[in-house]
C-alpha cells in the first residue's frame, strides 16, 4: 500500500513538476543584491538604536526623582549602601542568628585537619586479606560483591529459578 502511493506520487511529480524558483525570478542576481542592501540598512539601523539606548541611559536616570512616583519612593531609603555589613562585632556568627560562638572541643569539630605523620603510617602499605579472613561462598561470589554478611546469607538461602522461555 505504501509502495503504490509512493510510486503514484513520483509519477505525478515527473508529469507535473512543482514550480521552480527560476520561474518567479528569485535567482536573479539583481534581486539578491536588492535584498542584501535592505538587510544591510536594517542592521545599521538596529545597531544605531542599540548604541543610542545603551549610552543615553545616564540622561534618563533622573526621571524618577524623590516625590514623583510613590512606588519608587518606598525603595529609596536614603543611604548609599546596598548591602548591610555583616559581623561588625568580632566573634558573632551570622549563621547562628548573631549569637556569639562558643568554643568547641577539638573532638566536636566536624572537620579535622589532616596530620601527615599519622596518615603516612596508615597508608604506607595496604595489606591483602588472607584466605582464612575471606568468606567462602557457594562459588559465585562475584554476584554478591559488596553485600554484608547478613544480606549475603539471605541471598544464599534463596533458590534461583530459571526464567521461562519466551
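Even glycines carry a Cβ here, placed using N, Cα and C.
Mean pLDDT across the domain 'ITAM 1' (61-89) comes to 57 in this model. Annotated domain 'ITAM 1' per Swiss-Prot: 61-89, in sequence order, evidence recorded as sequence analysis.
Annotation comment: Swiss-Prot describes 100-128 as domain 'ITAM 2', evidence class sequence analysis.
For 133-161, the entry in Swiss-Prot reads domain 'ITAM 3'.
Residues or ranges marked as phosphoserine by Swiss-Prot on the basis of similarity to another entry: 58.
Annotated topological domain 'Cytoplasmic' per Swiss-Prot: 52-166, in sequence order.
Panel annotation: around the transmembrane segment (31-51), residues 25 of the same chain, lying at least six beyond its termini, place a Cβ under 8 Å from a Cβ of the stretch. Taken from Swiss-Prot, the feature transmembrane segment applies to 31-51.
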